[in-house]
Amino acid sequence: MSSTKRKAITDDRPQKRVKAAKPEAESRPAKSGAKPAKENRPPKPEPNERRGPVKSVLQQEERSFPRGGASVLTPIETKQIQAQAEKDVLFEQQTGEKPVRDEDDDLFDDVAEAPVKQKRQARKEDDGEKKVAATRIQGLSYKTLVPGSIVLGRVTGVTGKDVAVALANNLTGYVPITAVSERLNRRISDLLAEDVQEDDDDDDTDVDLKKLFFEGQWLRAKVTSTGHDSTDQKAKRHIELSVDPVQVNGGLEADSVVTHSMLQASVRSVEDHGVIMDLGLATDGVRGFISKKELGAAYKLEELEEGQVMMCLVTGKGSDGKVLKLSPDAARFSAHIGNKQAPVVTEAPIVDAYLPGTAVEVLVTECSHGGVVGKLMGMVNVTADLVHSGVGEDEDLSVKYKISSKIKARIIWSLPGDDGARKLGVSLLEILTTLPPPPDRLPENANPKLKALATSASQKFPNSATIEDAKVTQVIQDRGIHLALPSLTGQSGATAFAHISQVSDARVESLSSTTGSFKVGSSHKVRVLSFNPIDGLYYVSLKQSILDQAYLRLEDVAVGEVVQGKVDRLLLGGSKGITGVLVKLSDSITGLVPEMHLSDARLEHPERKFRDGFPITVRVLSIDLDRRQIRLTAKKSLVSDTESAIWSNYESLQPEMESKGTIVNLLDKGAVVQFFGDVRAWLPVSEMSEAYVERPDRHFRIGQTVTARVVLVSSETKEMKVSCKTGGDIDDEQQDAWEAVQGGQIVSATVTEKTLDSVLVDLENGLKGIVRAAHLLDGSAAKAESALKRIRVGQKLTDLLVLNKFARSRQVMLTNKPGLVEDAKKGALIRSFKDVKKGNKVHGFVRSVTPEGVYVEFANGTVGLVLKTHLAPEMLGQAAFGLRKDQSVTPWVLNVDAVKERFLLSLREQNVDTPAAAPAASQSAADAPELVNPVDPALTTTADLSLHTVTKARVASVKGTQINVRLADNAHGRIDVSEVFDSWDDFKNKKVPLQQFQPNDILDVKILGIHDSRNHRFLPITNRQNKNPVYELSAKKSRVQDGDSSLLGGLEGISAGESHLAFVNNHGDDCVWVNLSPSVRGRVALMDLSDDVGMLNDLSKHFGIGSALKVKVKNVMPLSNRLDLSARSSEDAESVTIDTLTPGSVVAGRVTKVSENSVTVQLGDSIAGPVTLTELSDDFDQADPARYAKNEIVRVCVLDIDRPNKRVYLSLRASKVLSSTLPVKDPQVPNINALKAGDIVRGFVKHISEKGVIASLSATVDAFIRVADLSDLYIKNWQSHLTLDQLVRGRIISVDPASKHIQLSLKQSQIDPNYVAPLQFNDIKTGMIVTGKVRKVEDYGAFVDLDNSQPRLSGLCHRSEVADKFVKDVRTLYEVGDIVKAKVLKVEQEGKKISLGLKTRYFKDDGAESDDEVVKTNGHEVDDDEGREDAAAGGVELDAEIIGADNDEEMKDDVDLGAVRDMDDSEEDGVAVPAADDSDDDTAVKLTAGLSTNGFDWSGNALNTTTEVDASDSEPDSTTAKKRKRTKPEIKVDLTADLDAHGPRSTSDFERQLLGQPNDSALWIQYMAFQLQLGEVQKARDLAERALRTIHIRESDEKGNIWIALLNLEAEYGDEEKVDGVFKRACQVQEPLSMHEKLASIYIDSGKYDKADKIFERAVGNKSFRAVPDVWLNYATFLMSTHGKPDEARALLSRALQSIAKDEHRLLTAKFAGLEFRSAGGDAERGRTIFETLVGEWPKWTQGWDMWVDLERACIAEDKEDAIARCRKLFERMSAVKMKKRRAKFVFKRWLEFEEKEGAERDVERVKGVAKKWVEDEAARQGGTDE
């Protein structure tokens, strides 16, 4: 048993905060997740609820005990557990109790009292039961989020051990360091393996999560555990996540990944040109690649680390499919890019390819009050809850998202369902469809919209901030309120949500939008609880108790702050009897006062001073956010001290500074002094006092408060040395000078010393001063460092400004910042609070930076605060807001609090606009609008539509469960199907009751109230929430005429046993929900739905939505606000119980669970039983639990009943259930007495142990198989040959009924009567013919292992016995593994040696075993029998000459071989088959169908073939493999001759003709055209794909024709994306340039010139194509002749000349000139100019002259006289050019022909004269005779 590797324990760091309720509660009918107040057990789960684990990852697993004492933990787990244990021990020693790890809980668990939560839960359940929609809309919650869920998240925080990730619906998950990637885990393990003994407190310094992740990063995560400590009522829930690509990519195959989808990837290696990524896909060898230019602004190549995880966009695939091109640039994730390249997935090969993070196109199918429902690819349901539907308070879902419209969305979660499928949730919010990066990682050229979205995703208001004027914008009656927060300077306003439990300290049952304190438009003071960037919402509280609390989170408390609290309790224990006191600072924050900090003096009776509930004033010592702990001190010396500085970090400390600390440890050489935070210092003995200190423990004690002065401090190493010695005395003159120096004075000083980061100076009055490096100027840190280097000792510095004085060290702080000095000279410097004026722009410097804001200091220590919300937007995403200590800033004074002497500053421009409040106006009855065209003339205004009013309505439309009517044009109503009929006899159609109503029918109706579309219920008539309410009406005669009001008051008055009419409203997993009235609903269990169980397997058919039922009340459930009903008509029908069952009875049941080895069937409410493998079928070969589906209704036979244990044994055997008379292959074994020794039985392996195997023979009978009885042969690792649930066959050896023991044997010798015992050595005789396998081959011979020998026998065949001819090296004939037949030549008993012979002549006398039966594998001979077995299994092919003559005789008798089609192009299983010829030795081969049979036969006609060819997406493999012999050939007859003379006219005709002509592209294209004529576009597509797979790879032209036809089809009937997909595939297998030209031609022919232009532009942009001159010429021809853009065509010439070869320039230029002549948009004069240039530069270029002449002659038809003159002139110029005789003959001949056709007689004579003169001149020049 191997150890199971576990994840390491990591510190849980949920924030201990009060969070708002989940907004998804508005949109889904889920039960409340509140925990009981008094019970520790978890709430009972609902039927549809998936219960998540409640324990941690380690606690969930069983303990394993590996052999040898090895640890089951990895080195990192061991280290982390050890470190955690030490920390817990230290905490336990201080507090006296075990540390409590709080985990994230629901937002209001800590603030809502337990009784209220119970009642609230009941109310929520009531409401939830009423919310029923066709498709359930749900959001994320702790109940729905189960292990295995995949979610989209955004990083909100990074610590050293985990990453906080914000999820949808205000959830937060945590990714431990061990769940990032496998490669990162290996890095960590390697680091630990190097030195396991290193300091345990060093938390993997080489692996820093802050370098691997950043806040604002988008990630996909998988939930690995959800739970909490059930022993603690207030325990925080915790969601643990994994971002490992192996986990989150869903195990996708590479072929399932589509372009524009999102994948999580981890860095495998960083190369110069990019990054290679691990994808975690199921396909081995597939990697991702990120080009360097695709990294974007968020990542830098040199900063990436191995194992780093990032979510990437799939931008493409490599040609071989082994590389996926990725981009992690969040700026490219947006689904709103305004072109076809937007990364939106519209189609995917499998549903699992739709993973969170992927942008999709959703077809809207439903808009309800809870959100939007849609479909992906028309088959996958997705939902968007109300929060993520992106609808504002004034928008209507149904208006914004029209039914059947397509919208862009992004998948944000995928939850596993009970049926194996996954539920998908999407978000329509713009921020999620865009996925913007954080502001500090935006590209420089980012558009304004992306910048605005990136800023909006960041938190403007800090947590715990109080906002004075938040305005209510929307009220959800039983959920909460939405508020608009006031806009900040330069920012848009934000939206907040307050749960109903957070609006008031008093209990609020419901909210109203028109009345009460929380009506729409009212303003309130709120406090921010949290902010979720995924939801884009602030979660706030209006409770006064929350507003009054000083602190809500640990982050709100500052180290060194004096706080008020109450004593919670004393912690007893330790050597002193008490270890500390717990002080409650707020409802959610409790701090510890250690024993040493209880008082300055030691207390004898601390319990008297610290009584429970006693108020106490303490100061915060330190805060550990990781462990969620806070330490306090109650010492008056520390609490009351207002002068000493608070030393909470080393960075702010300087030598000579003084403060108070506490001694925490005493040693012989000194003491350790603890200050605030994690600041500690070493106090040497020599610095303890001016007097000599021999032993520190005599003068000091642990816990003593001392005043210490900094001697040395290093912020890098976090070390400090302090002294308790007092400074030297000063005289009166120095004292006067000290008192005279004030902040704001301008002084001069001389440099006395330089340090690394400061300058020490002497003022003119003798005082010491210090100028920090950053105060030398206003510039950057680099400039300050440069200025520091230029300063020299002794230099005099002037115009220094006094900032502050340090009394302890008698030092003056100075600055040389020009801004501050200038303000001081002008009198504008802030010296005190009185100098602060609102609206002024002032100069200051950064004192410190906190997460909440920036503290700005002025002279004399005056400090102002710049809140985070008042920083510039570009600063928010930067570390420390892009600021550093002492940096110069110029803020505006935003607000001044004169009472508390505090002021706020802003680093933003001050343009504050206060939006005017628009209070909602309420309508009175007098102002009620008039009714337009009322159906009832008696009605005039909406005020007439009062409760119980009887009026008339006109039917507008009829739905399945309601009738939509109009009372007037501006007054609408609905009649629920339950309010139409009074009795069962009123129905005309029970399945569609409302079918009898038609539009425009007039009905008498009665007003019942207002319909609440959000909660699917009706409200009182006074509850009108909008201008056009929908009235709930009734058309029952009993209500309209008689005033009946039954079933309108809910469940009141309903009792068990009553009968009612009910109407199906929804189908659940195990029940049907029905409505008895608009306010009364019930549940009918499946088994109670009908007496005919056969109808239960198809609920939608027999019990459709809206169908009517007669039901009887079984039980009234007031807490759930529903009824338990039964629709069975049998009077004696009763539920099945253990007492009513009898063995042998056949009953109906419902399948509730299907596992690998059983099917669980529920027979009644309280009884269920398993059906084991042995009871699934009468033939064990057919026993497959997967044949049954969950909730399927089946009939089972009760085999046996164990009443004491309440167990039943069931059977699904046909012989038992149906009383079938069919033969039973595996009879049932009812008990042990039915078996006897010698019986041969079959069973399934039930258990495997070291001693043997237990096999199940029936539901109640098992048999034991000893290891010795498993096989006749010795098997070394026998356990690996058996698996659980494996079917085995054996013989009963013994049966012992007394002990109920059955022994079974699986030995073939026991089972098979024809069993042949293995050969022993003594059985081998000389002359035997044996078979075997070559084990080893040497040059001198081959060693052969003999078949069926035990133990394995081996013989040697010497090379002299291998063949009749001499063989020098046997290795040339045989290889290891070859199967051979041999003859035993010699047997040596002494040496146990066997000599074999392989010569052919040894087997000639073996009559049955002729030469024809000898075959070869890998070129070597094998036995014919074995070859036949291989052929039957598809494992061996035969050479043509091997097939015997007998088979040929059979073929000739049965089939005319002349009718068999040529098989040269046939393939079998991807292997080429040799062709048959017309000789006597015709080879019998297996014919393929000629067409791919990978899909459905669309024609509906069965083809005359049974052979299937594996379909492949790639080109067929032409590699010829080993030939295989088949025992009997299959012949396919060519039936194409039966076609009539008119050609194919039907699908079957085409199929028959394709059998003979599979490579004829014309026939395939004709077949496609035939389907298009029938309107079957998809079938035509399938035919094209089928043709591409069927046509042989050698027929590239035929394949090319199919690709062109498919491109034509997609261009005509498909969209751009499909055309692009086909085009890319075609370019991969065909000549790419040709495909570009063909597609451009298709677009030109169809008139799509813009698309053709893009194809040409793509072609000339390709490096491979741009060097081809014809590409440019074709593009120019298109632009000039077809597209009408001659200017663009002319501009192409310069681009073309830069791309093509130089020797092509002249000809291409001439062809462009020719376009000017031939094109309608051309300019002939421009062409002539180009030719003039060419012939001027190359006068002997004969081709150019000829082209010009031809073009001019072509112009004769348009302008005859001018054209003739131009041609004649050209001929004259050509004749004048020096040319050879041959050229001259050609020129004069053409000229003469031209003149004879176009000129006069004199022109002809002139040409002859010119030619004669040229001949004479040439003869004279050469001195020879003329031609």
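From the backbone N, Cα and C atoms, a Cβ is placed for every residue, glycine too.
Marked as compositional bias 'Basic and acidic residues' by TrEMBL: 8-29 (among others).
Among the features that TrEMBL reports, compositional bias 'Basic and acidic residues' is placed at 36-52 (among others).
According to TrEMBL, the compositional bias 'Basic and acidic residues' annotation covers 1409-1421 (among others).
The domain 'S1 motif' annotation in TrEMBL covers 148-244 (among others).
The domain 'S1 motif' annotation in TrEMBL covers 260-329 (among others).
Taken from TrEMBL, the feature domain 'S1 motif' applies to 464-543 (among others).
What TrEMBL lists as domain 'S1 motif' is 560-635 (among others).
Per TrEMBL, the feature domain 'S1 motif' maps to 656-725 (among others).
The domain 'S1 motif' annotation in TrEMBL covers 744-817 (among others).
For 839-908 (among others), the entry in TrEMBL reads domain 'S1 motif'. When the domain 'S1 motif' (839-908) is classified with DSSP, helix, strand and coil residues number 14 helix, 31 strand, 25 coil.
Positions annotated as domain 'S1 motif' by TrEMBL: 948-1024 (among others).
When pLDDT values are averaged over the domain 'S1 motif' (1057-1128), the model yields 85. Here TrEMBL flags 1057-1128 (among others) as domain 'S1 motif'.
Residues annotated as domain 'S1 motif' in TrEMBL: 1144-1213 (among others).
What TrEMBL lists as domain 'S1 motif' is 1238-1307 (among others). Counting residues of the domain 'S1 motif' (1238-1307) by DSSP class, helix then strand then coil, yields 7 helix, 34 strand, 29 coil.
Within the domain 'S1 motif' (1327-1399), the DSSP-based counts of helix, strand and coil residues read 6 helix, 37 strand, 30 coil. As annotated by TrEMBL, domain 'S1 motif' applies to 1327-1399 (among others).
Marked as region 'Disordered' by TrEMBL: 1-79 (among others).
Remark: the domain 'S1 motif' (839-908) contacts the domain 'S1 motif' (464-543), by the rule of 3 or more CB pairs under 8 A. Of the recorded ranges 560-635, 948-1024, 1057-1128, 1144-1213, the domain 'S1 motif' (464-543) has the largest number of C-beta contacts under 8 angstroms with 948-1024.
Residue counts for the domain 'S1 motif' (260-329) under DSSP, helix first, then strand, then coil, are 6 helix, 33 strand, 31 coil.
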